Amino acid sequence: IQDDHKLSTEELEEKYGTSISKGLSSARAAEILARDGPNSLTPPKATPEIVKFLKQMVGGFSILLWIGAAFSWISFGIQFAQGAESPFDNLYLGVVLALVVILTGIFAYYQEAKSTNIMASFSKMIPQQAVVIRDAEKKELSADHLVVGDIVEIKGGDRIPADIRLIFTQGCKVDNSSLTGESEPQSRSCDFTHENPLETRNIAFYSTTCVEGTATGIVINTGDRTIIGRIASLASGVGNEKTPIAIEIEHFVYLVAGVAISIGVLFFIISVSMRYKFLDSIIFLIGIIVANVPEGLLATVTVSLSLTAKRMAKKNCLVKNLEAVETLGSTSIICSDKTGTLTQNRMTVAHLWFDDQIYSADTSEDQTTQPFDQTSKTWAALSKIVTLCNRAEFRPGQESLPIMKRVVAGDASETALLKFAEVVLGDVMDIRARNKKVAEIPFNSTNKFQLSIHETDDPNDQRFLLVMKGAPERILERCSTIMINGKEEPLDSEKAEAFQTAYMELGGMGERVLGFCHLYLPENEFPDTYSFDTDSMNFPTSNLCFVGLLSMIDPPRSTVPDAVSKCRSAGIKVIMVTGDHPITAKAIAKSVGIISATSETVEDMAKRLNLPVERVDRRQATAAVVNGMELKDMSLEQLDEILCNHSEIVFARTSPQQKLIIVEGCQRQGAVVAVTGDGVNDSPALKKADIGIAMGIAGSDAAKNAADMVLLDDNFASIVTGVEEGRLIFDNLKKTIAYTLTKNIAELCPFLIYIIASIPMPIGTITILFIDLGTDIIPSVALAYEKAESDIMNRRPRNKKKDRLVNEQLAVYSYLHIGIMQSVGAFVTYFTVYAEQGFLPSTLLGVRVNWESNAINDFEDSYGQEWTKYQRMYLQWTGYTAFFVSITIQQVADLIIRKTRRNSIFQQETCNLSFWFSCRNKVIWVGIFSQIGIALILTYGLGHVTALNFTPLRFQYWFVAVPFAILIWVYDEVRKLFIRRYPGSWWDKNMYY
Amino acid sequence: GLILLFYLVFYGFLAALFTFTMWVMLQTLSSDIPKYRDRIASPGLMISPKPDTALEFYFNKSDSQSYAEYVSTLRQFLETYDDSKQAQNIDCTPGKVFDQNEEAVKKACRFNISELGQCSGKEDKTFGYSRGTPCVLVKMNRIIGLKPEGEPYIQCSPKEEGAVQINYFPHGGLIDLMYFPYYGKSLHAHYLQPLVAVQLAINSNSTKEEITIECKILGSPNLKNEDDRDKFLGRIAFKVQMTE
């Protein structure tokens, strides 16, 4: 910790070897720059592209396939050395396997790179300029080149280019929200006001902004050594958690790899003990691995996720990390910022009080009129004060924009009043022009009021009008009368009481209240030639007439209450974390439903029951508003208790650092936590969270870097649509995986039966790859377009530990039910093809050795005909093709049944008889047609390319498996029917995946 | 418990379904001829004896042990052609296809083993192996319904020119059309396919050398013998190496 804030100017000059008037010399600056490096934050270390690429090459199933390829090459080597006749088959197989791995790896890498590229556009920062005194001259240079000891000048609107010890200020205010979360601008001076460098007024911090005024200071820290730099480097220390979907996919890969390896090894042992040649056994092993591994699945998952990511981007959720798409769906707690996310991030007039009555104003985003009663003369007077006693102005050239969207020069409250007046009264600038301003005292913190004197637009009235606004209690002090229904009445204690009640009520709603008063200056004392002097105040500032109150708030976005209630029904807890005042925070939380209408905090209960806070049963309070100060003194257990016991929590006055503690607390409860943030020092929390959501408009680059997702419109409601998409993709991935896994059994069974029964090989390894990477790809992606089966926003978030992506039921149902049915169907086709060509099933058993012998060219079939080796091989390929076609046909049925997990597909399609072609997921049809189309092309188009082992197939063989396809469909309908009919039954437990 | 029962029923059902569909499928098949014969449009050639080691004959003419296996294979192979086994076979008209589509019981044509001359095993019990003139029987694969056109005959030629003189039995390596067509195992139980014996007289200066001999079926336009991929379709190549 530095003590620069305690040093005097002279001591600073000495310490940094600089001069306040002349600055550093260029040579000296260059030296320091060489020593300290540029004044910029070191970006987080990016993984080298080649490492990312290699990771894709060995991730998932790749290892298994590499092993398969290695085995292929080894057996090629052995066969080649032995001089066998066709050793090249294995070489090719190895090459094909390697190609599959490399291509899917490249694909995954490309997908990832594509989504990273979207983000790259964010990190392009406009180089910042800074005004520096060097060599006794004012220079403008890039902020990167600032060094310790430089003298910099700052003015309103600038971003502070480094940590700066101020030596000269004039009305300087800074917005420290990116550092502390405090949204109120704070004034800066040259005085040492606090021991803590973070609290003292004479230091301005890197990346904060100067809101108004000017200042000059000495740079005391640059780059990573600035306070922000230190926090940012803290963020890179927070490890990135594995996303839930990554864990699920890993789990799935282990499961499938486990099945593949154990079946492979088991059958390796069986084949060795059945006296197969060692080399043959190895080739079987490769076949089993290839059949078991869903080669195309991981690519499909990537595509599905990126499709969802695209859909989410359209809804303003830009996903940086594809896997985060699903994380959002499993989110159980959202820690949301208030300002800008839940609220509109602009002050808006919410209530008015005049004529002893409170009126509500419209606070929606696109107001064009105000509905409250505007007939009273008091309102006419009040509106005049609001219009005239206001320094804010619209920037020119925005006449075509809606009033609410126009840019205003002025502070937040004045902007609110200006827009309010413009909506209600029309052209404010014209009214101001007609009521010429003759004198003005701007707002300052000692007076706490703002005053101006105007000529009136009434030609018959030569009086000047004095208008004043400010803190209500201060304004009231200066008043002796109050206007009621346009008439001035003396301000008696009763009226003062009414004022107090209204003020308390508005303040209690978390609103910023302003009081308004006026005075018509008597014409005889103040003729129109009178010269007003604002320094000597040669005009009255007391005994004014009180007109009314206006209260302002940053109102909630209109979509937020609905979004919060959606979260609630979706079982997601929304926690508000804000730097704002507890009262404001609570008011907003109530208005958006984070604290529901009926629930109470401990304090509310105490007030209602008239008990001291300590004596209230904390457990009965569902809501809690926790102050940052309390949080600071809390132990982890106490925090856990709060998070556990209260369903509605607001954290107010919290620093961004405390956000990290809150996130960790939620994660200790086993929750999947989404966190929103915009400031630089939100980045540790964003990183720590399961899904960090940065704000696209208000967010800093550091926050965007640390986040997994960027909310383009800063709107909380967009998170909820994201949640919906995330949940949907989880369901749909289940369907995709179930679809893909099913045919693995139909691919595996041929190998097992081939080994055990020694029949001619029913399906080739290459053919399997054509299913996995050919016919099945588009259908499995098509499932990603499936609509939700029921209202997915009405169920609780999935339990990370229990609701797995691939659960036992899914694997068992896919493998042992549908998969086996598919195998049976495919084997019927296989036996049909052989039988109709002369090999009855009984002849096929046990023939493997002779069948595959190159020396036997008079192999006798069931009818006494004799076959050469090549004729047999050709028949075998026809068998492959038939098997392939049968699997494809049955996969069509599989695709249709996978559309739903619980509903009948007729329910899903809502179009019963017009089921064909007019249904909701049209992409499914694309899937089915592509599947059959690819199969047709492979069979008839490439049927003459020997290496691919496809042969043109008799047309009727396409239909052998159709009854089995229909059976699959009927069986699944029955399954779904029983699940719907008997929820919770044995059937439901075992058959619902 | 319930799970086991479920799978018992489920797989029982699937097994029954499989059996049933297979049964239905088999019902549609004739037991006499296969439904399709397009995968074997043209026959392959094969030889007897057939060495284990990829059609390569290695023997020493003075060592009876070295060719004992070939001789016994030939003997065994020709057993079915023995006159005693052909008692019910009829003598057919040579040179003409023997159509018997109408007959319920298809008759087999007699193949007189004496047509194989020196390779019949009658005179020379070692089929010429002991004298350095080994016999190899060439046969054409049986295909139901196949009727060769023209006058098919087997012709063999050594790759190394002049290494060997070749004699054919019957003369000219002719395959008589009367043995066709074949009506299948069940209808045509006693069918004997015609044989052509090829006797190789290896030149004395070519002994100890490996001689590759290629036999082809010629003279019939519908019997293919030059398929790129199928090296046994209407042709066969084998190697002979004789030592003394």
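Every residue gets a Cβ built from N, Cα and C, even glycine.
TrEMBL annotations: computationally assigned, not manually curated.
Copied from TrEMBL, the annotated features are:
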- A:3-77: domain 'Cation-transporting P-type ATPase N-terminal' (DOMAIN)
- A:58-79: transmembrane segment (TRANSMEM)
- A:91-110: transmembrane segment (TRANSMEM)
- A:252-276: transmembrane segment (TRANSMEM)
- A:282-305: transmembrane segment (TRANSMEM)
- A:737-757: transmembrane segment (TRANSMEM)
- A:763-785: transmembrane segment (TRANSMEM)
- A:810-833: transmembrane segment (TRANSMEM)
- A:877-897: transmembrane segment (TRANSMEM)
- A:923-943: transmembrane segment (TRANSMEM)
- A:955-971: transmembrane segment (TRANSMEM)
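A Cβ distance under 8 Å defines the sequence-distant neighbours of the transmembrane segment (A:282-305), meaning residues of its chain 6+ beyond its ends; these are 59-61, 64-65, 67-68, 71-72, 74-75, 90, 93, 97, 100, 104, 107-108, 111-112, 245, 249, 253, 256-257, 259-261, 263-265, 267-268, 271, 276, 322-323, 325-326, 729, 732-733, 736-737, 740-741, 744, 747-748, 750-752, 754-755, 765, 768-769, 772-773, 776-777, 780-781, 783-784. In terms of DSSP secondary structure, the domain 'Cation-transporting P-type ATPase N-terminal' (A:3-77) contains 48 helix, 1 strand, 26 coil. Counting same-chain residues at least six beyond the ends of the transmembrane segment (A:58-79), those with a Cβ under 8 angstroms from any Cβ of the stretch are 87-88, 90-91, 93-95, 97-98, 100-101, 104-105, 108, 249, 253, 256-257, 260-261, 279, 282-283, 285-286, 289-290, 293-295, 298. Stretch with the largest number of CB pairs closer than 8 A to the transmembrane segment (A:810-833), among A:91-110, A:252-276, A:737-757, A:763-785, A:955-971: A:737-757. Sequence-distant residue pairs (6 or more apart) of the transmembrane segment (A:737-757) and the transmembrane segment (A:955-971) include fewer than 3 whose Cβ atoms are under 8 Å, leaving the two stretches without contact. Note on the transmembrane segment (A:923-943): residues 770, 774-776, 778-783, 785-786, 881, 884-885, 888, 891-892, 895-896, 899, 917, 950-953 of its chain, located 6 or more positions outside it, place their CB under 8 angstroms from a CB of the stretch. Summarised as a single figure, the pLDDT of the domain 'Cation-transporting P-type ATPase N-terminal' (A:3-77) averages 84. Nonlocal intrachain contacts for the transmembrane segment (A:877-897), taken as residues 6+ away from its ends with a CB within less than 8 angstroms of a stretch CB, comprise 739, 742-743, 746-747, 750, 760-764, 767, 770-771, 775-776, 779, 782-783, 818, 821-822, 825-826, 828-830, 832-834, 837, 905, 924, 927-928, 931-932, 935, 938-939, 943, 949-953, 957-962, 964-966, 968-969, 972-973.
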